[in-house]
Amino acid sequence: MKVLALRRSVAQVYADTQIYTHDETKDDYENAFLISNLTTHNILYLNYSVKTLQILNKSGIAAVEIQKMDELFTLIRCNFTYDYIEDIVYLHDYSYYTNNEIRTDQHWVTKTNIENYLLPGWKLTYVGYNGNDTRGHYNFSFKCQNAATDDDAIIEYIYSNELDFQNFILKKIKERMTTSLPIARLSNRVFRDKLFKTLVSDYSKVVNVGPRNESMFTFLDHPSIKQFSNGPYLVKDTIKLKQERWLGKRLSQFDIGQYKNMLNVLTTLYQYYDMYHEKPIIYMVGSAPSYWIHDVRQYSNLKFETWDPLDTPYSDLHHKELFYISDVTKLKDNSILYVDIRTDRESIDWKTWRKIVEEQTINNLNIAYRYLSTGKAKVCCVKMTAMDLELPISAKLLHHPTTEIRSEFYLIMDIWDSKNIKRFIPKGVLYSYINNIITENVFIQQPFKLKTLRNEYVVALYALSNDFNNREDVIKLVNNQKNALITVRINNTFKDEPKVGFKDIYDWTFLPTDFETNESIITSYDGCLGMFGLSISLASKPTGNNHLFILSGTNKYFKLDQFANHMSISRRSHQIRFSESATSYSGYIFRDLSNNNFNLIGTNVENSVSGHVYNALIYYRYNYSFDLKRWIYLHSTNKASIEGGRYYEHAPIELIYACRSAREFARLQDDLTVLRYSNEIENYINKVYSITYADDPNYFIGIKFKNIPYEYDVKVPHLTFGVLNISDSMVPDVIAILKKFKSELFRMDITTSYTYMLSDEIYVANVSGVLSTYFKLYNAFYKEQITFGQSRMFIPHITLSFSDKKVVRIDSTRLNIDFIYLRKIKGDTVFDMAE
């Protein structure tokens, strides 16, 4: 949902939009909670409170102040990610299709012939890093830019088996117009940028597990971050290949040679970062015009020095000349070298050309060896061709996508590789490598071992759920890693499947109860965003590919009402019960009935079950930003930090009742996952709370009334307001608590309206209006370790007779308290108090 804050109402009517006017009788937190549970996508928030907006944004719900009508029109028609610290709105708005354009934030694409293959009458527009160049389009009171591009489709095309780009991009645009927006993927780049800038400033050592190409710009300015990936393809790995011949295959209709060069250089750069943790000088020989340097410059201040007879406009220092092996002495330490020398074929016959290429390959290799033979802190990437070669067995082979697969590949070596054992590799084996293997990632660092790192902050986004990881090892890492942000795939199957298919692999599935964490926040993507100064207009949908975000070691752990809080916890319930269910009271009714409380009078205001816990369990697929386990734990230890607002703390027994209701719901729905989750949450409640039951009581609290509107034959009709199992020495403690609650007890609005047979021979009158105070009293006794209440649900009633009587119904009648007392069962009254 998105909240657009206005000082005055607007005349226009918008689809899927609701107006909420700030309620001055409620505090900012209560207003935020009410807004978050509205069911429409757009909320126009009138007479807004800035504090309420802040609460929503911290909860991951985008809430933006609107000053002008064009701001409202822009934000209401599309989704966006909001940096609420810097006041920047990143639109994810594809309405630019109506201008017959596709967009890119990679400059090199604009220098290709891609426009020849677009839809008729369409053009390509460059919009800069995260749409930065579009800021001029929006003259708003907040900074605004459109981060939507078609780079995802362009890159997917490059790696696909499709050659016809026009058909491919048409299909992708149609998909985009007919399916739900993959909002997490679109906002992820904004999030990653913010995340790693924050972590690098807060932690001396940061480890990142499983980065993919979409992160290749994110880490350019963070050489200190240790990357773990799937490992490189080494020269020695070619021993598994059979010999093949030249295949020749076109991968792309438009020229992607620059993309290949960029990937080669970035792969080399990240190898250097992995070894030396600092920025090198980047030397490049050949590969002009290298327009992609402009893209790199948007993210980092890396220095480029280049040699090529053709211009390289974005180089810091360009030598418009050929580079010879004797020029290697000009290259400094703490550098990387990219050698991409290849003479244009022009009209040379094939045999002569082949001979020239092989000579240049040997020359390129010699330049690399010469460069690596002296000095320190050097990594080289060199252009090779398929031919009989001796190569170091530990050198890394690269074959990033290029316009046509022919006979070229690339080799990365460091100083140690260049001196390592060399192996003869036949031309046919290298053709086999070229024909069958595409390097899919610029990150080729070693795989991560699932072991706790003592001094590092570990980030593993979408990297550990794969079933080639041992599931128990993943759980152990999450439990034991002190500082981390780790995601795992949430189990939102209905049959409690331990693993599910995803693309061509399988992922383990997890629930929050799979982890034993006492200082971690377990939330959703949008809940996580709120902790890093971001919010989002479209919450995660239960697609089957959703992830838990587990943050360990965060200083926000105790801030229970600020982050990963209960905002939106009833939203799914509202959507269902106000549109599909038998009554809008269905949730209240079901919760009472499933706990054998059949008095449904006033059930919506006096419910005996925690609605928060119940909704968090049965609708966990729709809102798992609320960290239920943390909420339970911090209340059980009395460590919850509440910033403000009216805050109701549930008695532990209310939580147990909620689990029982959720279990009943799961059985009716045949939802095995919710069934397990409810059982495990109940077990967790019993683990962190020391709940004892007065099932063999020796004291009780009684309430005697001035008026009983029914006939009775018991000596003193009264309401048993709870039973206790205590020693006589604890009686003063009980009395002290009763005195503390005196005012609240006598303020209870107690009513009765019918009689019924509680069981054979027990005739009783119903009592309403006491449950809220009962549970508060329960909490007070619990905190003093006084056993109060039984394991079965407390059903307030007044015993009238121990014989069969006819049921009576009357108008709701108020019962006035005469006095409240504490009495020993089969003993004397030890305390009483009147108003």
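Every residue, even glycine, has its Cβ placed from backbone N, Cα and C.
Here the structure is a predicted model, which means the values were calculated and not measured.
Feature annotations, courtesy of Swiss-Prot:
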type	residues	note
REGION	171-245	region 'N7-methyltransferase activity'
REGION	246-428	region '2'-O-methyltransferase activity'
REGION	429-555	region 'N7-methyltransferase activity'
REGION	556-692	region 'GTase/RTPase activity'
REGION	693-835	region '2'-5'-phosphodiesterase activity'
ACT_SITE	His718	active site, for 2'-5'-phosphodiesterase activity
ACT_SITE	Thr720	active site, for 2'-5'-phosphodiesterase activity
ACT_SITE	His797	active site, for 2'-5'-phosphodiesterase activity
ACT_SITE	Thr799	active site, for 2'-5'-phosphodiesterase activity
Helix, strand and coil residues within the region '2'-5'-phosphodiesterase activity' (693-835) as assigned by DSSP: 32 helix, 57 strand, 54 coil
Cβ contacts of His718 (active site, for 2'-5'-phosphodiesterase activity) (under 8 Å, same chain, 6 or more positions away): Gly702, Ile703, Lys704, Phe705, Ile798, Thr799
Other C-beta atoms that fall within 10 angstroms of the C-beta of Thr799 (active site, for 2'-5'-phosphodiesterase activity): 17
Separation of alpha carbons, His797 (active site, for 2'-5'-phosphodiesterase activity) and Thr720 (active site, for 2'-5'-phosphodiesterase activity) (Å): 7
Nonlocal residues around His797 (active site, for 2'-5'-phosphodiesterase activity), in sequence order (Cβ under 8 Å, 6 or more apart): Leu719, Leu758, Val764, Ala765, Asn766, Val767
Segment-level pLDDT (mean, integer) for the region 'N7-methyltransferase activity' (429-555): 94
The region 'GTase/RTPase activity' (556-692), counted residue by residue under DSSP: helix, strand, coil: 67 helix, 2 strand, 68 coil
Secondary structure tally of the region 'N7-methyltransferase activity' (429-555) (DSSP, helix then strand then coil): 27 helix, 34 strand, 66 coil
Composition by DSSP (helix, strand, coil) of residues within the region 'N7-methyltransferase activity' (171-245): 37 helix, 9 strand, 29 coil
Cβ packing number for Thr720 (active site, for 2'-5'-phosphodiesterase activity), 10 Å threshold: 17
